[in-house]
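Trainee: So that we are looking at the same thing, I have put the structure below in C-alpha cells.
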Amino acid sequence: MRSGRTSALFTPILLFILFPSHTPLDKSRTPVASLTMAHQPEKVPLQQLRTHGTGPRGREPPRDDALIPLGWKYKQFFGLPYYASPQVQLVLVAFICFLCPGMFNAVNGLGGGGQAFDESSASSDSNSALYATFAVVGFFAGTITNTLGIKFALGFGGIGYSVYISAYLCYNHTYSHGYVVFAGFLLGCCAGVLWSAQGQIMMSYPNEASKGRYISWFWAIFNLGGVIGSLVPLAQNIHNTSSDRVSDGTYIGFLCLTFAGALLAWTLVDAKHIVRMDGSRIILMKNPTWKTELLGLWETIFTDPYILCLFPMFFASNWFYTYQFNDVNLAQFNTRTRALNNTLYWLAQIAGSGVFGFALDTNRIRRTTRAILAWAALLVLTFAIWGGGYAFQRGYTRAQVRATPDDHRRDWTDSNYVGPMFLYIFYGFYDAAWQTCVYWFMGAMTNNGRKLANFAGFYKGIQSAGAAIIWRLDGLENAPEYMTLFISNWVLLAGSLVIAAPVMFWKIRDTVSLEDDLRFTDETIDDVVPQQHQSHRKLDSIDSDTSYQSRA
C-alpha cells in the first residue's frame, strides 16, 4: 500500500494538466442511461452516442460519490483523479513504458544499439532474436495477462529491458556477442507480456469517447523516454564528430532507469479494482483460468474476424524502424547527429500522437466517419512522406556507405543536413500517427478488457514477427540493398491500408453495446455498471428517462 501511495506523488501536476475539472452531473450520462443508448443508439442524438463511463460532450464523467467504493485508493485530493481511476493508472503505465521501452527506443534509435557502424551486427542479431521470440510470446500474451494480472505482466516485462541494456554495457568491454543475443531473446519474452498489459489498460480503461486522447497521452509520456534517453548521448557526444560507440555512462544511466520502471509496475492497481468516475468498471473475466483464457484467445478471432484485416497493419507497424534507425540514421550520420536526429524523431512522435489522438475523439463527427477519415489521412501521409524518402534514398547505396570513413558521415553543421533532418522528423510523426490509429481502430471494435488484451497481444506478436524478419535481413553479410528495403516498407504500408479498409468502412460503429461487450466474459451488467454502492442511492427504474432518484 505504501508503494502505491508513494507512486501517486509522481502524477499530480501532470494529471491536473491532462484531466481538467469535471462538470456537474448530467443524468443523461449516468451508467444506466448509457444502457439505453447502447441498446438503441439510433434513437439518441449524435453527441450522446456513448457507452457507460462518458461525461458531457465526450469528457470524463463527473464523480458520483454514491457509486465510488470506500478506501484510500478512491479518495480525491485537490480535485485530481483518485489513485484507482483510469487516468492515474494510465499515467503510471505511461511512466513505466517511459522508463523501460522508452530507454530501449533511445538506444536502438542511435542505430546499432549505440555501437559503431562496423559493430552493429550484434544489435541486428539481438533484435532478430528479440522480435522472433516476441512474435510467439506476444500472440499468447493476452492469455498470460488475463490470467496473472497486469501488475505481474508489467513487472515481469520491465526486467527484460534492464537485462537488454546491461548486455550493451558488457559488450563495450567484452564484445560478448552471445550475451547481447541472449538479452534480446529474454526481452522478447518479457516485452510481449508487458505490451499486452499496456494495450489492455490503454484501450479498455477509458470510455469510448476518450480512447484517442488516452492513446495520445500515453504515447506522449512514453516517447518522452525516447526524447530524454536521446538527450543523454547527445549531451555526452556533443563535441564528438566521429562515429564511435556511446560511452559506458550512457548505458549505466539507461540501466538504472529501466530497473526503476520495473519496480514502478508493482505500484499499479489490479484491473478488477479500477472504477470510473460514474461507478462503472472494466469488463473482465471474474474467474480467469489458463483454460478459459487459452480458449478465449481463439474465441477472440472467431467472434471478431474483422481483426484479421488489421493483421497486415500490425505486421508493417515496426518494419520501418530497422530502415529508419540503421539504414538512414546509422548509415548517414555521425554519433552526435544521430543523437540529435533521435531526439527530433521522438519529439515528432509526441506531436503525431497528439494530433491524431485528439482528432479521433472529436465529437463533431460520427465515429464511423472519423475512422474513414483517419484511414484516408494515413494513406495520404504514406505517399507524401515516403515519396520524399524515396527521393532521399536514391542518393546512396549500401556499398557507398561501407566505403565511407566513419569521420566523413553527415554532421548537423553540414549544408546538406536540413533536408534529411526534416525527413527524419516526418518519419517520426508518421510512426506515431500509424500506431495511434491502429490502437484506436482496435479500441473502437470493443470495450471488453479481456478481448482487448488479446487484440494487443495479436498486435505486438504480429508486429514483432515483421520486425524479426527485417532486422535479420538487415544484419546479413549480404544484406539487401537499401532501396530494396525502402520499397518493402512503402509497399507494406500502402498495401496493409487497403486490406484494413473493411474495418473502417463496415466494422466500426458509433458505439458498441454493453450487451455485445459482455458476451465474451462471465460478468453481468451489475458487475460493470453497479446499481448501487451505498445505501442512500438506488435505481428507481429503467425507463425512457433512465434517471437516478435518491432514497427518501
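Sequential numbering from 1, following the chain as shown.
Glycine is no exception: its Cβ is also placed from the backbone N, Cα and C atoms.
Okay, so TrEMBL annotates it like this:
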REGION    532-552  region 'Disordered'
SIGNAL    1-24  signal peptide
TRANSMEM  88-107  transmembrane segment
TRANSMEM  128-146  transmembrane segment
TRANSMEM  152-171  transmembrane segment
TRANSMEM  178-197  transmembrane segment
TRANSMEM  217-238  transmembrane segment
TRANSMEM  250-269  transmembrane segment
TRANSMEM  343-360  transmembrane segment
TRANSMEM  372-392  transmembrane segment
TRANSMEM  421-441  transmembrane segment
TRANSMEM  453-473  transmembrane segment
TRANSMEM  485-506  transmembrane segment
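Tell me about the surroundings of these features in the structure.
Mentor: Here the transmembrane segment (178-197) has long-range neighbours at 93, 97, 100-101, 104, 113, 122-123, 125-142, 144-145, 150, 153-154, 156-161, 163-164, 166-168, 170-171, 453, 456-457, 459-461, 464, meaning same-chain residues at least 6 beyond its ends whose C-beta is under 8 angstroms from one of its own.
With a threshold of 8 Å between CB atoms, the same-chain residues lying at least 6 positions outside the transmembrane segment (250-269) that come near it are 3-4, 6-7, 73, 83-84, 89, 92-93, 95-100, 103-104, 106-107, 114, 150-151, 154-155, 157-159, 161-162, 164-166, 168-169, 172, 225, 229, 232-233, 236.
The list of residues near the transmembrane segment (343-360) in space but at least 6 beyond its ends in sequence, with Cβ under 8 angstroms from a Cβ of it, reads 105-106, 109, 211-217, 219-220, 223-227, 230-231, 234, 324, 370, 374, 377, 421, 424-433, 435-437, 440.
Same-chain residues lying 6+ beyond the ends of the transmembrane segment (421-441) with a Cβ under 8 Å from its Cβ atoms: 199, 202-203, 211-212, 215-216, 219, 223, 310, 313-314, 317, 320-321, 324, 328-329, 341, 344-353, 355-357, 360, 371, 374-375, 377-378, 381-382, 385-386, 388-389, 392, 412, 459, 493, 500, 503-504, 508.
Sequence-distant contacts of the transmembrane segment (453-473) (same chain, six or more residues past either end, CB-CB distance under 8 Å): 124-125, 127-143, 145-146, 188, 191-192, 195-200, 203-204, 296-297, 300, 307, 310-311, 314-319, 321-323, 438-439, 442, 445-446, 479-480, 485, 488, 492.
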Trainee: Let me spell it out: take the transmembrane segment (217-238), skip the flanking residues so only those 6+ beyond its ends count, and list any with a Cβ under 8 Å from a Cβ in it.
Mentor: 14, 18, 90-91, 93-95, 97-103, 105-107, 109-110, 114, 198, 202, 246-247, 249-250, 253-254, 257, 335-336, 339-340, 342-343, 345-347, 349-350, 353-354, 357, 432, 435-436
